[in-house]
């Protein structure tokens, strides 16, 4: 009995899988709530951020339908949506992120961002939801405590197997837990070589390992713990944790092994890894030196690196300057002074992809201690689309302000002119000045014509911005002929040498009205702004096909665009030859907007004999 007590005393320490601890700790320190549900909609896991967000404890929600966290009408619709998805495969939110409404335990309703992904773990379909309370985006991340109590409870309630062998490897003791783990009774294995419990290659290597240890004292597993494979009586192989120590009992070497079947533990690891790898946001874990230890699938999509390219490398590889150069110093300063700049909070920073491009991202970092090691977990979200949308809104507001100001000015100007001229006409008629009256009337007509053209352009601009249109097949050659037919009565049309060379004569499926607007503006501008001092004025219209685009070129030797004004070419209310022809200054702007709507591009190039406008439209799929 004394030897058994001594053996038990030597092996109270149980190796708990370090990787499992890390995953569990990371899961419970993320700022976002993570909830998993089964195929019936019943909650299977509910992390601590979810507790904080909703006000429920896990005991109150695990096993309950997830719709308890939803207000009407989502509450009533959820089961039907889940059933419809499983029958039809029709996804509405799965695989995407969206903003929805949620309901706390106290009944209050709040806005949150929800990302849902589907996974299969051990043959069971599950859904992972990542939630973020966006009612107060500036709230600081509440660090989650390590779930040590839960893990300790698992350890305390696990009956581990205990095996002792002699120096020849023959089994001397084999407790009941071992009987349960391996399927043998004690009587069936005592006196036999312990390698009966080992699959290849351990089975063949074990005797040689023991002999080598006796001869050299070279330890490989004795005094440590490691993960190996065991073999049950039925021949099945399973993972186990093994810790071995050596004791001397009355001059005899005895080796004690504590074994634990970790099949369930590995399944839990896979489940946790699947949860982390299926979150919408990127999750990165680094050690105290800044080296990456965990890098989930979402990070692959964000940064472009695969896990094997990043794990073990310094996290600063994902940062552009100046963050790249500053990061190690920041970590060192934090370790020395405990001064936090980003840990425990969220902020916007810049990231760098594998291709070298930089982009804005939301970053929240938390600190966790796992078995005496300091780890930092970061949640990253690419906000490029959001920033781009913000910039577009700012640009649209700027354009709207300019549009309002210039429109009010340009509408009033011809009206004021017309009113003044009408007064002159009235006085001229009263004083029988017929020629003055006729001359002033002509100026009135010009002013009203200017006003009419401006109103037409404003209406066309509104149409360009708001009108929805189906795609149809067009031919550049036909559009050019039709447009030229409309302009044949324009001043000096007849003196132009118009050349057409349509190397691409096929049809292109696109929004016709947008292309017509561009073609007509290009041709009318080329006609209006021809150089009347030249005897060989020409317009050359051509089309051709590149790898990805159909290109229309309009080349002329007219007045061109002054070099100093080319940067403003496609902006609103820009007129480059006001003395030659009156216009609203909206034509080129509308062409650019139309090209953008068509996912194409319009560009200008000055050449030795004039100008070239080039319209590039994507090939139809």
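From the backbone N, Cα and C atoms, a Cβ is placed for every residue, glycine too.
Look at the domain 'PAS' (19-71): DSSP puts its residues at 24 helix, 12 strand, 17 coil. Look at TrEMBL and you will find 19-71 (among others) tagged as domain 'PAS'.
Taken from TrEMBL, the feature domain 'PAC' applies to 96-146 (among others).
Under the heading domain 'PAS', TrEMBL lists 147-199 (among others).
Mean pLDDT of the predicted structure over the domain 'PAS' (268-321): 83. What TrEMBL records for 268-321 (among others) is domain 'PAS'.
Feature annotation from TrEMBL assigns domain 'PAC' to 345-395 (among others).
According to TrEMBL, the feature domain 'Histidine kinase' maps to 406-621.
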### Summary
Secondary structure of the domain 'PAC' (96-146) by DSSP, residue by residue, totals 0 helix, 30 strand, 21 coil
